[in-house]
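A short worksheet on the structure shown next.
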Amino acid sequence: MVKICCLGAGYVGGPTMAIIALKCPAIEVVVVDISAARIAAWNSDQLPIYEPGLDEVVKSCRGKNLFFSSDVEKHVLEADIIFVSVNTPTKTRGLGAGKAADLTYWESAARMIADVSKSDKIVVEKSTVPVKTAEAIEKILTHNTKGINFQILSNPEFLAEGTAIQDLLNPDRVLIGGRQSPEGQKAVEALKAVYANWVPEDRIIATNLWSAELSKLAANAVLAQRISSVNAMSALCEATGADVTEVAYAVGKDSRIGPKFLNASVGFGGSCFQKDILNLIYICECNGLMEVANYWKGVIKINDYQKSRFVNRVVASMFNTVSGKKIAVLGFAFKKDTGDTRETPAIDVCKGLLGDKANISIYDPQVTEDQIQRDLSMNKFDWDHPPHLQPMSPSAIKQVSVVWDAYEATKDAHGVCILTEWDEFKTLDYQKIYDNMQKPAFIFDGRNIVDMEKLRKIGFIVYSIGKPLDPWVKDLPASA
């Protein structure tokens, strides 16, 4: 019986191992983490992450062939295949700060595997890592062996939050990168055999190590580039009276392009896009490819521009000041169906409004007040370090209140900003919201999910990204 151990019980490790356990009943799967609190949560009724369908999968396998433990070394010692799914945050200081990936946690994981192991093992990179990480990991493992053979594989994840379980059950592709040696290919086949329990063979792609590592960064960079491209167009649409939804629909009808990732919005977020592009930029710069690095920098620049453009629209529309005004923020997660707030555009929008002394009332169906206050008081990139290295008690920002009801958030507000596309925001009673707001009442739709004409009939002044401007907004400068 094969035993799989996964280091790291986060967004990638937990769901991935749950599906492997579900689809491979003959394999024992153990997820380990140094955080006892996180392991306790995985063993409880309230899982530490929210993902549709995850609860049912975990509860059907837990205690049978799926286990969660903080006894890291015991399970590493016993495992045949070790997935490493630890954080690879962006460096905040030193060489490559603000761009390069920090491999501290990866390196300590590799050293621990080398120290503990007493038998041959396959070590699988599951975290998003910079190209050539496998080489560094290999050096640590092979220079610490006691005659033990380690094979390193790269098996990047391609999960989208909110649909992770479906992505795992029915993946577009599973990528496995390994050394071209006989031992390397044998390791690739061993991992292939695990996925073959439910993934059609033609979707399991074997590549060399470096191609697998780079494919993950490339995929995220190209997806983010599509979002930045349509967001750049949204600014032009507003300036010319075009409708970005119509433009995107027409463009997406081209079979060479397709409709996905062409929704204009307040900007992209999430734990991967910005981090992976910064990483890609750093690798390009290290290889002297400055033009390539600058090309990818443009994708991030447009994303930052889109967020500040949104804040400027809010402030400019409301008589050039939001000082002392109540602004309701609907949605704080970076997208619907997840409680994840990593790199969410809502952080920069809220900080921009707070900079102009607004009072903000936030409602999100999945994000806690503690998380929101933490996000608003944390330095950039700190979110990606383990909790014990983050600020312990975030200093509560007095101009921010977090409520558990959209109507409470919008009561007596001067303006409403929709920053996450939660389905419930489409069906709110906007007449009720309008009646309880200060007048003139503004709605700034950062996700293009509301019916503008309907809201205008109620009496709202509406701004939707990339849509023909409300007469009120039209005559005002685009920036405060």
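The backbone N, Cα and C atoms fix where each Cβ goes, glycine too.
Keep in mind that TrEMBL annotations are predicted by a computer and have not been checked by a curator.
According to TrEMBL, the NAD(+) binding site annotation covers 8-13, Asp33, Arg38, 86-90, 127-128, Glu161, 272-275, Arg342. A 10 Å cutoff on Cβ-Cβ distances gives Gln274 (NAD(+) binding site) a total of 23 other Cβ atoms nearby, all chains included.
If you look up TrEMBL, you'll see Cys272 marked as active site, nucleophile.
Annotation source TrEMBL lists domain 'UDP-glucose/GDP-mannose dehydrogenase C-terminal' at 328-452.
Cβ-based neighbour count (10 Å, all protein chains) for Thr90 (NAD(+) binding site) stands at 21. For the domain 'UDP-glucose/GDP-mannose dehydrogenase C-terminal' (328-452), the DSSP counts in helix, strand and coil order read 42 helix, 19 strand, 64 coil. Across the residues of the domain 'UDP-glucose/GDP-mannose dehydrogenase C-terminal' (328-452), the predicted structure has a mean pLDDT of 90. Applying an 8 A CB threshold to same-chain residues 6+ apart, the list for Glu161 (NAD(+) binding site) reads Tyr11, Glu51, Gly270, Phe334, Lys335, Asp337, Thr338, Asp340.
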